[in-house]
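> Straight out of TrEMBL:
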REPEAT    92-124  repeat 'ANK'
REPEAT    126-164  repeat 'ANK'
REPEAT    165-197  repeat 'ANK'
REPEAT    198-230  repeat 'ANK'
REPEAT    270-302  repeat 'ANK'
REPEAT    303-335  repeat 'ANK'
REPEAT    336-368  repeat 'ANK'
REPEAT    369-401  repeat 'ANK'
REPEAT    402-434  repeat 'ANK'
Amino acid sequence: MSSWKSLIFCALVKQEIDKVEAIFNDGSVPKENITIHYAEECNTCVGNLEYPMNPVQQNVDLILNELKPMIDAGRCRCLTAEMGQDGRGVTQGVSLLHLACLYGPISLVERLLQSGYDVHERSLAAGFTPLHYLSQSDSITSDDVLAMAALLLRAGIDVNIQDGHKNVALHLAIENHHTRLVMLLIEHDSQIDVVNGSGETPLLIAAKQSDEEVLIRLCEAKADPNIKDHNLMLALNVAIQRHNKTMIKAILENPRVNPNERGIGRHGYRCMSPLLFATSSGYADVVEMLLSHGASPDRNGKDKNQPLLIAAFTNNVNIARLLIRYKANVNATEYSGYTAIHHAAWEGHTEMVQILLEAGALSDGQTQDKNTPLSLACHGDFISTIALLLDHNTDVNNQDKDLDTPLHYCTYNGNTEAALMLLKRGAEPDVENSFCVTPLWNAVYAGVPDLVHLLIQCNVRLDVPSKGIDQHADTIHPSVTFDTPRTPLYVACRGSFHIAKTLVLAGVDLGRERWFWTGDIPEELYSNRSFMDWISHEATNPPELLRQTRRVIRQVLGIYPQSKVRTLPITEVMKDFLVIRSFPADL
């Protein structure tokens, strides 16, 4: 008859706990043969015994009697020799005490300890002690886990031994939700700040498991919440990610917490403070908790992004008000020189712009590209934001790095209403950018007749050619690009006959363009013979007296003639003529 050790060992391997009880109680041997199965791809039988929860493949069958010499020794032996590979003989594998702590029963653990089994013996592959196995068990009741742990503790087991992955029993107990065991281990001086192979502390694991009870207990024990894992994840950021205010509160009340410690944030973004993380997540309640516990409202990330900038960009008014209440710097800049008001203006968040202006944000602050909030609002085509900024006396003629003004952006977008607002506030209507593009050139390119009329009434130059840069190639008209200098008339003739006629009647110098007599004429022009005949006639004959008169008088008057013409002692018909408010019927 096989020894009770042999029988119990086999029963434990097969997870037949009822047979273990029967063997232990009366020493009887089950009548059927007991077969142990090993995985073929595993070089050692210890692989299966280390991880018995994994499915076992029935590729190698060894009956009990063949294993008896090994099992009687209380050890698992490498079977690679029997499989035709290099065997290494007896190894320090999994003992009966290991398996008993994993599966029970408690009576077996007690009997083995009385028999002198070493509580510090470690398994081969993972380096587990009996306490490590107990901390992972899912086959034993909570009461039995606690009772078995007490037996191991009385036997003098060291609770701080680390396995092959640097886990102590406390790590594993938290991962496997053995809350009562966790409390017992903490009471017996388990290290609460020990870091495992993934850089995780017990506190960080509890946060990832959303285990509020364990996390609160660890914080009461003053576990360090500032330790990050290998992915730079903080326990506080994990709690924020889960929007778990109970865990957040416990961590913030931990006297060791640094609420400004930076870790990983949303979408894997590194170097995010908890406040920046909460702001980007849109959690106003968490933001208030952090601020009330000493989080700096100006703590930035790696790219100098600050919470207020994120709140402005995402238009989170509640968070912005909180940050301002806690004295956030409303003019703080990120790496490209943007402040919160730049972000708000760029996105057209008018209410946010108003809040920031009331808090002291600079309405004319420049980014690294020399854009002001007004420039960005005009670029984004946001009428209400433009109107608000104009009411705060912002510079309407600011030029960015390309010398574009807000009016350039409005005309580029073809926005007549916005352009009129700027002109009424004193915007220069005839300024050139670094490509020699004027607002009129942009308006013609956008193909908006009303906007062209508006600028002509401001007496802008009609003949300024661009430098030929394809700066608009992928925007309004992708097919209309120019590799050489072109005047507004050239652009108009390729896009709008109506605007071309308007320019000619306004006194444009037809002698500036020679393309009419070359093969450069766009194909679509040939289909409109009336326009072709008209433009050819205008280009090959001296200017009419009316056009010549209008051109000369407008040159004398300078810009904004509409404000000067109305004061002249001439008839209303002549006034309308000079400011080009009336056009021939064929237009």
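Heads up, the Cβ atoms here are built off N, Cα and C, so glycines get one too.
Caution: TrEMBL annotation is automatic and unverified by curators.
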> Per-residue pLDDT averaged over the repeat 'ANK' (198-230) comes to what?
96
> What else in the chain is close to the repeat 'ANK' (402-434), if you only count residues 6 or more beyond its ends and a Cβ gap under 8 Å?
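Non-local partners: 372, 374-375, 377-379, 381, 383, 386-387, 390, 396, 440, 442-443, 445-448, 450-451, 454-455, 458, 460-461, 464, 472, 475-476, 559-560.
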> Counting by DSSP secondary structure, give me helix, strand and coil numbers for the repeat 'ANK' (165-197).
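For the repeat 'ANK' (165-197), the helix, strand and coil counts are 16 helix, 0 strand, 17 coil.
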> Is the repeat 'ANK' (303-335) packed against any residues at least 6 beyond its ends, judged by a Cβ distance under 8 Å, and which are they?
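Residues 275-276, 279-280, 282, 284, 287-288, 291, 297, 341, 343-344, 347, 349, 351-352, 355-356, 359-362, 365 contact the repeat 'ANK' (303-335) from elsewhere in the chain.
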> Which sequence-distant residues neighbour the repeat 'ANK' (369-401)? Criterion: at least 6 residues beyond either end, Cβ under 8 Å.
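Same-chain contacts beyond the ends: 336-337, 341-342, 344-350, 353-354, 357, 363, 407, 409-410, 413, 415, 417-418, 421-422, 425-428, 431, 433.
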> Let me spell it out: take the repeat 'ANK' (165-197), skip the flanking residues so only those 6+ beyond its ends count, and list any with a Cβ under 8 Å from a Cβ in it.
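Residues 126, 129, 131-132, 134-138, 142, 145-146, 149-150, 153, 159, 203, 205-206, 209, 211, 213-214, 217-218, 221-224, 227 contact the repeat 'ANK' (165-197) from elsewhere in the chain.
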